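For reference, the structure is listed below as structure tokens.
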């Protein structure tokens, strides 16, 4: 059993580690050669440039301004200074709402901690139950519910506090749900137009011997959604073309490097070896070799592009379908016609869960991360929380189990579960304190950037690509936060001494991640806080788990009068969840019709001449078909070729019901109005 001295030593080590990480970060971030590691977001936005190269050579790498070191902790108030509306404009709603999860933890647990320490800690401490028993315990356990004697009237205090904590948590959750829902609707209404607001991905298009994929998609939507369908773009398999384009970019980068090197010293032309990694093979003129390779690829790329466009085998059974208005899309169903080993496993687990989510059919990054997060959360509950309690109890009390009757085992488990709080306090300090402090130091990106900068960077473009801003990582970060919610809710009544450690985690994590979001992370997507129903649901799950565990614990304490009153808590909590689900969740699943119509009306008023089809038609073509420095063909010409692809003339009888002739095949069957005209006498 961990004693107060053991916990103090552990706390000292982890606090010292956290301080070392924070001080190291505060100093390293001031050095010019680390600027792209700790401020990549500003570089990506084009609002920050490399520190000046003028002056002494050493100033390119080390900050010699001693006054800046006096303000080395200014990053903390700077991280808190940016107001939330500006933060949303800067980093997006997802990032801003993600930070609100930490604020939610503080809003729930600050009052809970104060009340628990004011009422429950004295109630638990002023007993001598553990001192008179022969159960292994530590000084910390004297402050837990384990120190209350069997059948004591003091359990009423824990019952009342369980209700108080539940009602307070539900109130805060309801307020936060309403707030985030309003933020989401306002964000969507004020957001700039994006192609995905009008477009869905249609998968598993059934093969048809008489029609191409493009014709099948077009005819289906012209028949079934003639008032809303606008255009579509089939998905192409252009992997080989993408490899050629990537190879050309790499060779162009090497050519720029060798030309720059030759410009600095024209006395000798740069040479290179053509073998593996430039370590072996024939030695040739580097500039001539790269120029020849680029010319070769410039011929192969158009040929491969033509093959992709004209080869039916390159067309995938999927298409991006765009519609005229944010209300039809939101109601459209996206388908078509119907120890070390453990540590290594934990490292690989997020990747495994992402792969499993892909097999389920989730395609968007936000959908994949939300699905993976739900599984990761379940894994934490079963393996980390319940596994630690059960395994720890069994081993710590093994001797007691062997020498006692079977009837006494439930009582021993009931006493031992609160004693596991010492393990979780240590876990919080290691993972939640030192771990969060290590996050801001960014050791791995720091090392990788400087390795790339030393061995691989040849041009400024290379230096930009060497930056690794990263992102929030919702699939692993959010389940970690939820685990702390679970610990706080479970131990709020049982062992309140754990709560201050939870508060330190939420406060430190909020400041650190706010800084990272402002200066570092470059979020891969924007879902307008679509993940909040999952956050709310998992906190509700943690509340129900804590209530059930408390009932199980109280039942072993012979609290026959107070325990039955706890039965209503899970029922009330689940009822509250169903209320919130019906009241607020629709705003996260479907865009309200009134809001959608208002957004459409405003867009038509602001841009009456907007050609929506022209805006959408090229939005979802394969990236290698889009114009750029490495493309020799105009993007509009490529799209015209994709549109003009020769298609198989249709013989399907269902074509007679198509009200509009195909835009892809000029000789499509006559439309329904034409047939009606011809049929009149």
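Going from the start of the chain as shown, residues are counted 1 onward.
Cβ atoms are placed via backbone N, Cα and C, with glycine included.
Taken from TrEMBL, the feature domain 'CSC1/OSCA1-like N-terminal transmembrane' applies to 9-176.
Per TrEMBL, transmembrane segment is recorded for 12-30 (among others). Listed as Cβ neighbours of the transmembrane segment (12-30) (distance under 8 Å, sequence separation of 6 or more from its ends, same chain) are residues 38-39, 63, 68-69, 72-73, 75, 429-430, 433-434, 436-438, 440-442, 446, 508.
Per TrEMBL, the feature transmembrane segment maps to 101-120 (among others). Residues 157-158, 161, 164-165, 168-169, 172-173, 176, 478, 481, 484-485, 488, 492-493, 496, 499-500, 502-503, 505-507, 509-510, 513, 535, 539 of the same chain, all 6+ positions outside the transmembrane segment (101-120), place their C-beta atoms under 8 angstroms from a C-beta of that stretch.
Residues or ranges marked as transmembrane segment by TrEMBL: 155-174 (among others).
Per TrEMBL, the feature domain 'CSC1/OSCA1-like 7TM region' maps to 315-554.
Per TrEMBL, transmembrane segment is recorded for 336-356 (among others).
According to TrEMBL, the transmembrane segment annotation covers 376-395 (among others).
Per TrEMBL, the feature transmembrane segment maps to 415-436 (among others). With a threshold of 8 Å between CB atoms, the same-chain residues lying at least 6 positions outside the transmembrane segment (415-436) that come near it are 1-2, 7, 10-11, 14-15, 17-18, 21, 135-138, 140-141, 144-146, 388-389, 392-393, 396-397, 480, 484, 487, 491, 494-495, 497-498, 501-502, 504-505, 508-509, 512, 549, 553, 556.
Look at TrEMBL and you will find 481-514 (among others) tagged as transmembrane segment.
If you look up TrEMBL, you'll see 560-580 (among others) marked as transmembrane segment.
Taken from TrEMBL, the feature region 'Disordered' covers 650-681.
Summarising the annotation, TrEMBL assigns compositional bias 'Polar residues' to 656-671.
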Report task. Take the transmembrane segment (481-514) and find every residue of the same chain, 6 or more past its ends, with a Cβ under 8 Å from one of its Cβ atoms. Result -> 18, 76, 79-80, 82, 87, 98-99, 101-103, 105-106, 108-110, 112-113, 116-117, 120-121, 124, 140-141, 143-145, 158, 161-162, 165, 169, 377, 380-381, 384-385, 417-418, 421, 424-425, 428-429, 432-433, 436-437, 439-440, 472, 535, 538-539, 542-543, 545-546, 549-550, 553
